[in-house]
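Can you keep this structure in mind? I'll have questions shortly.
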Amino acid sequence: MTITHAPAPTNTARITAIDLAVSTVRDLNQALHATDDGTSWVVDTPAGQHNIAVGIDRDLDLVVNGHVGYYFAGMHQKGRVTVHGSAGVGLAENIMSGTVHVTGDASQAAAATGQGGLVVVDGNTGARCGISMKGVDIVVGGDIGHASAFMAQAGRLVVCGDAGEGLGDSIYEARIYVKGTVASLGADCIEKPLRPEHLAELAELLALAGRTDDPAEFRRYGSARTLYHFAAVNAAAY
Amino acid sequence: MTNSYASRGLRESATFDRATINDIQRAATTGIYDIRGWGAKRALPHFDDLLFLGASVSRYPLEGYREKCGTDVTLGGRHALKPITLDIPITIAGMSFGALSANAKEALGRGATEAGTSTTTGDGGMTPEERGQSRHLVYQYLPSRYGMNPDDLRKADAIEIVLGQGAKPGGGGMLLGQKITERVAGMRTLPVGIDQRSACRHPDWTGPDDLAIKIAELREITDWHTPIYVKVGASRPYYDTALAVKSGADVVVLDGMQGGTAATQQVFIENVGIPILAAIGPAVAALQELGVHRTVQLIVSGGIRNGADVAKAIALGADAVSIGTAALIALGDNDPRYQAEYEALGSSAGFYDDFQDGKDPAGISTQDPELAARLDPIAGGKRIANYLRVLTLEAQTIARACGKSHLHHLEPEDLVALTVEAAAMAGVPLAGTSWIPGR
Ligand SMILES: Cc1cc2nc3c(=O)[nH]c(=O)nc-3n(C[C@H](O)[C@H](O)[C@H](O)COP(=O)(O)O)c2cc1C
């Protein structure tokens, strides 16, 4: 599998600075929707406000200094976004492509339903990290909470710390890599062998996230595919 | 038939009737619950239990064919910069590509467009066929988020956040393997041929406070242009409507328990939720108490069949109605010309509800290319447009008889109930009395 994530920022020719103590989130978002490819943006004083930088579909670079609230970079489509701080619920939910990087922690449902792109959280995430993920790649430097990768359909979730209860419950075709401990696996999620191709993709993902962890120290988890067809005997798992 | 049994002295049990006996036998044989399409089939208090009081001495009627009776409705003006105006207050409900064939979706879009109304995507994303043929297309935002993407979101004329459906309030979706073809699987990012379950809760929020932030996010992504609807299955309509309004919805869509489904457990369809007749009053009361009746529009659905149902729903305070099952019937579902094939499937024209199986002889609830090819989307579109016109003409006929120059001038005072139950549920007097039970 080849990795198609965008390269690191290069263009710093035009930097627009926005202070959310002065401008509204709505003004910022509309400016980001209307701007050109190749622009650079710095946002200060986000103060945990919700819905910052949602719906970006320009190939731009954006840096936020401070904490952001719910749905930061929701439905992100293009460009590279970095938060120097922590993020609230639904970080980069339904991300399509591009990169979203949070240097602190992220709350619940990080990268939920993400269809593509890369989400990197240097710290920990809350519950439901990668819930219903559909192709996104997620790299978490620390731990993830319970019910993560619930019904995960496609994409890869890399956890350098520990995973909470019910990891990968009802998982479809997504692949999960965990370096630390897994409190428990959810229904139909099993440990699988780490073959050379997995080590290779893991090495690539770790490198993209700027991490130096050793791929050989991870374990791989995925679907046993026993719940793919309804069967009364599985009633307890449904 | 029943009479011939009776004349032989045979008595059918009301509790254990033949269908119930068959259910028990089927369960004992298969060990799995029954999954089917359609909506609740049991008899329920419904619009049939209401009658209009035509004008006479105390009110004067409008002249049929001459005096105007308006039918247009504008949806989404509360917060959206681009509200949508429909020529008729009857919309096509969300039915997924996957549950329905691409031809069926296209036909619904064509018919709705010809009749000047909207159609709605479903759990499975937006198809180009449907977008291309629909002047007003409502894009559903469901817990599964299959195929969800910001490009389609921006292409939508309205966004409908689905919290539930009347056929299964509190339930998720399912699409059985027979219907997960390569195209359907691709749109949902799933393996071909598996039995697919959609979640019943949204993955990234819970509760009304989060919903408010979610609605704000969708507004930000679409630059506040697009109206946002919230769809709920009828169970606690007073609170659900109030919370949807509080969360910032432009439009509330309320689906009663008769509402159709593509595939749900029969026990769910028949036993969860309340009939639409009982749900409209509490929803309207919530809107009125919040001072937003007609500012936040109410669309109701679940068993709408004819223009009288449309007029009654509007008289009770709805701004528009939505149709699912009736639209499928208009397209050709349960058509007697397929009788032999229905029989071969163990059903009969008028009874067929196995939408989950993908073997629909009418080519509607299927992904089989040969069956789907039976439905010509252009001819199907004409049938939908015809049917929508008849619904509109019928509703206008009733409104004029009640002296109304617009369908929205119909009011509860125009209605009486035939049964004590309907009087209590709809909040209109029992016919011939001034008695509204409970008031
Ligand atoms: C075949 C079929 C598929 C449906 N798919 C969806 C869906 O994807 N999303 C949804 O919100 N409702 C879905 N519904 C419910 C309809 O949107 C609508 O609420 C219902 O059909 C209205 O009631 P009626 O069928 O009595 O007109 C579906 C209904 C049918 C019959």
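Glycine too: its Cβ is placed from the backbone N, Cα and C atoms.
According to TrEMBL, the domain 'Glutamate synthase' annotation covers B:82-332. The region 'Disordered' annotation in TrEMBL covers B:111-130. Taken from TrEMBL, the feature compositional bias 'Low complexity' applies to B:111-121.
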Can you tell me which parts of the same chain pack against the region 'Disordered' (B:111-130), counting only residues 6+ beyond its ends and a CB-CB cutoff under 8 A?
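For the region 'Disordered' (B:111-130), the far contacts come to 84, 86-88, 90-100, 102-103, 105, 136-140, 142, 144, 146-148, 152, 155-158, 160, 162, 173, 175, 184, 187-188, 198, 322, 327, 330, 377, 380-385, 387-389, 392.
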Taking only the residues in the domain 'Glutamate synthase' (B:82-332), give me the average pLDDT of this model.
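Here the mean pLDDT over the domain 'Glutamate synthase' (B:82-332) amounts to 96.
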When the region 'Disordered' (B:111-130) is classified with DSSP, how many of its residues are helical, how many are strand and how many are coil?
8 helix, 3 strand, 9 coil
